[in-house]
Amino acid sequence: MHLESIVLRNFRNYENLELEFSPSVNVFLGENAQGKTNLLEAVLMLALAKSHRTTNDKDFIMWEKEEAKMEGRIAKHGQSVPLELAITQKGKRAKVNHLEQKKLSQYVGNLNVVIFAPEDLSLVKGAPGIRRRFLNMEIGQMQPIYLHNLSEYQRILQQRNQYLKMLQMKRKVDPILLDILTEQFADVAINLTKRRADFIQKLEAYAAPIHHQISRGLETLKIEYKASVTLNGDDPEVWKADLLQKMESIKQREIDRGVTLIGPHRDDSLFYINGQNVQDFGSQGQQRTTALSIKLAEIDLIHEETGEYPVLLLDDVLSELDDYRQSHLLGAIEGKVQTFVTTTSTSGIDHGTLKQATTFYVEKGTVKKS
């Protein structure tokens with residue numbers, strides 16, 4: 001899989017831009033604040049209809065314009081497929097093969113991407129919400145039904161929280177409704193938990209040997225999905241019974257707080273090196289090796305799930321890695337994955353992958369191919 005071309009209309013600082021790409025490595029070279037990251041963000045939006053930088057759709061639309069538009073053509077399974085995403089003040093519209101998609105969950109998954117940016121280094125050491133968002137993005141693009149389930153979960157969670165808030169305020173409401181919402185909540189929660197736990201298990205299978213190699217055989221990586229339920233066995237009904245029992249035990253506490261206290265929206269992923277928690281005890285080098293291993297594992301996992309390698313986006317991350325990790329990253333993707341790199345300079349990066357790259361010079365919203 002690779003992105004053949006992209007057209008941007010009124011997206012960020014690009015009023016009218018058309019580019020054709022190499023199926024191997026493409027480098028966006030330029031000073032800071034010229035629009036390099038905006039180009040990678042456009043590719044990410046074309047793939048996931050979401051950004052790694054903002055959740056406010058208005059940020060994408062050029063000042064005093066009505067809408068932003070991205071068009072791309074991808075080569076996938078021997079076919080050339082046009083994608084289109086329009087962003088207005090009211091929301092998003094998406095098309096595949098010129099056919100409008102009723103839901104974004106039907107659109108996502110046509111173009112698979114893996115992004116590695118400086119903020120992804122906080123995937124290991126940052127707050128649990130960062131890791132939950134990572135799971136949602138990665139599972140969602142491989143299993144679009146997951147996005148539908150996630151949307152349903154968020155809807156029921158919101159309803160349940162509203163009801164708990166009413167009970168907290170001593171309003172006269174039917175107490176049976178809380179039990180009904182809790183049952184619905186548990187069904188969807190276990191669905192998400194199962195998909196997340198399965199993903200983590202597969203991710204570890206790829207990430208562990210990569211980490212072992214980067215650490216020169218000195219470190220063993222383990223990844224654990226820390227769920228609200230006890231993940232004994234493989235029977236979701238057992239998990240659901242455990243969740244319902246726990247929710248019943250904290251029912252009064254939830255009413256007192258007016259909020260749902262357990263569920264996938266509170267779950268986390270934990271990383272261990274040689275048995276020690278990386279978040280708490282890992283050095284900066286170990287945390288970076290873990291993040292790099294996870295990103296490289298994503299590439300292989302997406303290939304396993306979809307039959308195609310994803311597009312890799314490296315947003316100014318090479319400068320955050322030392323020479324050894326740079327070399328391992330570029331060596332792992334060489335000749336295998338279409339890659340987009342943003343950087344202020346390629347000097348000091350001595351690797352054949354970049355020397356053979358197609359370079360685009362970016363300055364004040366203009367892009368020139370070398």
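Keep in mind that glycine also has a Cβ here, set from the backbone N, Cα and C atoms.
Listed in Swiss-Prot:
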| type | residues | note |
| --- | --- | --- |
| BINDING | Gly30, Glu31, Asn32, Ala33, Gln34, Gly35, Lys36, Thr37 | ATP binding site |
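For Glu31 (ATP binding site), the same-chain residues that are 6 or more apart in sequence and have a Cβ closer than 8 Å to its Cβ are Thr344, Glu363.
The ATP site, placed at the center of the C-beta atoms of Gly30, Glu31, Asn32, Ala33, Gln34, Gly35, Lys36, Thr37, has further neighbours from the same chain whose C-beta lies within 8 angstroms: Thr342, Thr344, Val362, Glu363.
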